[in-house]
Structures are given as C-alpha cells and as structure tokens.
Amino acid sequence: LLLNLTGGCKHPCTDVTLVFWPSVKEPFLSQYRCGPLLGSGGFGSVFSGQRLSDGLQVAIKQIAVDRVQKWTRLVNPVPMEIALLQQLSEDGGHPGVIRMLDWFEVEGRGFLLVMERPPHCQDLFDFITERGALSESLALRFALPSATFE
C-alpha cells in the first residue's frame, strides 16, 4: 500500500483511495491498518484491514457524505446505516448481519465504518449473481440462520 499526500491508503492496482483527514488519521491509524480494496459501488468503497490490538481481520467501508441517502441523529446527524448497525450491535447482533465494530466521521467529507470480516463470506448480491435465484429453503437459511430446516 502507498500512503498518498492526503494521508490515505491507496492500493497500487486501483485509483480508489481511503482518505484520512487530520481529525481522523491519528485515531484511526493507531487502531487499524488499511489493506487493499475489496470492492466499490454506488454507496462507497470497502477495503480490507486489520485491527492492531489483536490482529482481527476487518472490512473498512468509506462512505462519501454525498452518497448518504438516509440520515438520522445519534448525537450528530449520521447515515441511517451507522445508526441501525450500532443499535443492532447494542442489542446483541444478528447471526446473519455483519457487525459494525467502530466508526469515524470525516468531518464534512464522509464516514469510515469498521466492520467484522469473517473468513469465507460473500456479499448476498454477489452470491445470488453467481448462483442464480435461491431456493426457498436456502433463502430461509439466510433470513433465519439459527433455524434448522429439512
């Protein structure tokens, strides 16, 4: 990875950069290491990463403020995604939803979400794109992962 002039991580094979501003750079980089780009779409870019305290593999999602479609308030306005993931984490989580571990506001620019990154996982959209329509029993296993089906 290369550190660009704005203090961000840039994967050498892409033109997507995880950008840090002074208020976020130090707290973020003291806790996490940024890795290569995993993917990007209409709502942001996702990078691999590692939590320095224990080596946990994480996903780091960068969301530009102009890409946020729904807002709500915690202390300050935040994307609805952050509020819902935080509430879900406080309620003990759900086995079918990736947990948000941490988040940072890049003032006036956007947000960084640090999320768990279990091994051998795949985005549901990509899974369906590769395999086609899900059978009812398989779809239920995504919706109710702890249930048993015959």
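A Cβ is built for glycine as well, from the same backbone N, Cα and C atoms used for every other residue.
In TrEMBL, annotation is done automatically, which means it is predicted and not curated.
Residues annotated as domain 'Protein kinase' in TrEMBL: 32-150. The ATP binding site feature in TrEMBL is assigned to Lys61.
According to DSSP, the residue listed as 'ATP binding site' sits within a strand segment. Taking H, G and I as helix, E and B as strand and the rest as coil, DSSP gives the domain 'Protein kinase' (32-150) the counts 30 helix, 46 strand, 43 coil.
Long-range Cβ neighbours of Lys61 (ATP binding site) (same chain, at least 6 residues apart, Cβ-Cβ under 8 Å): Gly44, Ser45, Val46, Phe47, Leu112, Leu113, Met115.
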